[in-house]
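As annotated by TrEMBL, transmembrane segment applies to 21-41, 198-217, 238-268, 297-317, 324-343, 382-402.
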Amino acid sequence: MRELGILIKFEYIKLFKKRSTWIILFLLLAAGIFGSVEMLIGNDINNGKTGTNYENMIKYKKNALALSGRKINTELIQEVKTANLSYLERTSNVREVTKLNEIYKETTEPYESIIPLLSVVYTGGDDATEVLAHLTQEDMDNFYPLLLERQKQYLESDNLLTKAEEEKLMVYQAEMDIPFSYSYDGGWQRVRELLDSYGMIFLIFGISICIAPIFGGEYSNKMDSLILSTKYGKQVEIWAKLIMAFSFTLLVSVIYLLIQLAVVLMLYGTSGANNPIQLILKLKNVVYPLDNIELTMIYIICVVCATLLSTAITCVLSSKMKTSFSAIIICFMLTIIPVLVQIPEKYRLLNKIYSLLPSRIIQSKNIFPNYMYGIGKWLVPAYHFIPLFCILAATGLVVIAFRGFRNHQVA
């Protein structure tokens, strides 16, 4: 164990002596911080209104906080209806943008955070001023039955779902805690957007660049024969390289994600941590009974697992290629192509397998798809299956990488 620890330390020293490692880490840090604040930079133009993104965020947050703690029920929906009706009546003969904005601020703006949620249920869209203004008492009383029915219709419209999958999803739907309590959750919504962004692609590929020379660099420097001829070269040294690669990946990915999480929550606030995920995802599309903290943890776990799987693939390529550059090129293709190339959903089995590639795992549509993984009636959601798959696949790839370097033919 002492020898292993010394060799791991030596591998870390080699890694951090490379200028490219520091450049990648700096770029990741810069990208992580910039990605957290970019939405607050610059001016925003919305429905004829002007202002900075930061000012609009503060205004939105203030209005949303005023509604925090309230149940989304008939009473609140009645208030939204009254506000929308007042807006329509007062603007029927108004054409001046400034006057329209004044009326908007006095009527519907206090409810702007809740209106999209109601619109999804009542119209299936994001904006339904006319519909919300003319809701009947029956419409308002039946908000949740209508929501559940829309969710059911949405799932039934997916002709590729099996009967067992539909039944399993309906079980999850029955576990949703309704009526929903509303709370401002802008911070958690922004976190979800970041974890579902191209920044995660950069994280995966950046780590791959750092790890690619782990074996390929030894081939390029003609050090492979020397390493394999030493006392610990065919066992301990290879394990030291692999342990360094995976521990480095784990540290970098976790720190990167925590930096983004901390910056966003400091800027937007932590309110709404216990909100059901249906309030920040499309209400009718997701039936899992999870809250924002659970959603964030699932995203983080899946992203970390994706980076570990990517590192395992990189190690295999590095052990098989003669240069680290070749491994980097293939890693780039394996990272970018799955993002750009889609497989039609009608090829369900192929699509399921394709969605387990690292750069597709991190996409929310593949973490929370309608379909599940399993056999027969033994089914689990994708967000349960992904970590298990990544661990098993990475373990198998580690063995391949280990044997690939140990057994290769020395030139």
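Every residue gets a Cβ built from N, Cα and C, even glycine.
Automated prediction, rather than curation, is the source of TrEMBL annotations.
Since we're looking at a predicted model, the values are computed, not measured.
Highest Cβ contact count with the transmembrane segment (382-402) among the listed stretches 198-217, 297-317, 324-343 falls to 297-317 (criterion: pairs under 8 Å). For the transmembrane segment (238-268), the neighbouring stretch richest in Cβ pairs under 8 Å, chosen from 21-41, 198-217, 297-317, 324-343, is 297-317. At the 8 Å Cβ cutoff, the transmembrane segment (324-343) and the transmembrane segment (198-217) share at least 3 close pairs (sequence separation 6 or more) and count as touching. Sequence-distant neighbours of the transmembrane segment (21-41) (same chain, 6+ residues past either end, Cβ-Cβ under 8 Å): 15, 52-54, 57, 190, 194, 197, 199, 202-203, 206-207, 209-210, 252, 256, 259-260, 263-264, 267.
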